[in-house]
Ligand SMILES: C[S@@+](CC[C@H](N)C(=O)[O-])C[C@H]1O[C@@H](n2cnc3c(N)ncnc32)[C@H](O)[C@@H]1O
């Protein structure tokens with residue numbers, strides 16, 4: 001069957017604004033169906049086998065159901081590497097890439113690092129690859145996330161140790177010690193849910209995203225407490241945060257006894273990271 005780029009684009013325009021439809025149709029044609037960029041921009045027909053035709057139908061129907069393109073592709077890019085993703089795991093975000101870039105400038109190469117709420121493993125696996133002398137451990141409560149993170153660890157030949165653990169109830173054992181704890185925990189409040197796009201709300205795991213309005217800092221507080229016993233003196237916490245709670249997280253950490261507490265902005269100018277020292 002012959003399929004034109006404009007057929008794909010107009011199918012997507014029924015569900016997305018023109019710019020997004022154009023972007024998605026380029027990904028579908030060039031990255032998923034193998035059309036060359038030149039042929040795509042010339043608007044050339046593709047000749048699809050019956051199998052590819054079925055595949056295209058399924059891709060378009062999933063996209064028109066607002067499934068994120070990364071789930072449809074099964075992959076997401078993070079700091080130059082391709083990570084496996086699936087609906088049980090959060091799609092890595094550019095803000096988190098910025099956090100890891102910052103860590104790579106500041107963290108000593110042979111550090112013992114703990115990533116709490118690892119999801120796809122994007123933070124832990126990147127740190128393990130970029131700091132090969134580091135010992136990287138990663139926790140998540142979700143078995144589904146850990147299975148995908150484990151696949152990424154294997155596919156990208158990293159050496160992260162993954163452990164299924166609920167950070168909210170975990171009691172550390174004596175001698176459990178890290179130089180750095182990093183976390184991008186759930187931080188979207190229930191109220192903020194209302195403003196979220198359907199591709200996030202209906203597809204990404206709610207356990208990776210939401211915290212109750214009554215206790216939006218619950219993960220930061222618990223990780224701060226754990227850090228007081230699990231971090232070496234001078235060890236650091238690196239948090240990605242909800243932009244509304246920079247001051248609240250920083251002042252909570254100061255009360256917990258942390259020093260040199262800094263709020264840092266992301267590339268869009270929002271308070272997005274809090275860094276602190278034990
Ligand atoms: C915002 S996602 C971050 C995923 C990944 N680190 C990233 O930056 O893309 C938060 C992660 O925390 C995990 N999580 C939620 N509650 C948890 C808990 N009580 N203990 C450990 N992990 C938890 C979720 O399963 C999810 O993978």
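Every residue, even glycine, has its Cβ placed from backbone N, Cα and C.
Feature annotations, reproduced from TrEMBL:
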- 6-74: domain 'Release factor glutamine methyltransferase N-terminal' (DOMAIN)
- 98-193: domain 'Methyltransferase small' (DOMAIN)
- 117, 118, 119, 120, 121, 140, 184: S-adenosyl-L-methionine binding site (BINDING)
- 184, 185, 186, 187: substrate binding site (BINDING)
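Same-chain residues that are not part of 117, 118, 119, 120, 121, 140, 184 yet have a Cβ within 8 Å of the Cβ center of the S-adenosyl-L-methionine site turn out to be 89, 90, 115, 122, 123, 124, 138, 145, 149, 208. Cβ proximity to the substrate site centre (mean Cβ of 184, 185, 186, 187, cutoff 8 Å) flags the following additional same-chain residues: 117, 183, 208, 209, 211, 219, 240, 242. Counting every protein chain shown, the number of other Cβ atoms lying within 10 Å of the Cβ of residue 121 (S-adenosyl-L-methionine binding site) is 30. Each of the binding-site residues 117, 118, 120, 140, 184 was scored by the number of other CB atoms within 10 Å of its CB, and the largest score is that of 118. Assigned with DSSP, the residues of the domain 'Methyltransferase small' (98-193) fall into helix, strand and coil as follows: 34 helix, 23 strand, 39 coil. For residue 187 (substrate binding site), the same-chain residues lying six or more positions away in sequence with a CB closer than 8 A to its CB are 211, 216, 219, 240, 241, 242, 245. Non-local neighbourhood of residue 185 (substrate binding site): 116, 117, 167, 219, 220, 223, 239, each in the same chain, at least six residues away, with C-beta under 8 Å from its C-beta. Same-chain residues at least 6 positions away in sequence with a Cβ under 8 Å from that of residue 119 (S-adenosyl-L-methionine binding site) are, in sequence order, 89, 90, 92, 140, 145, 149, 184, 208.
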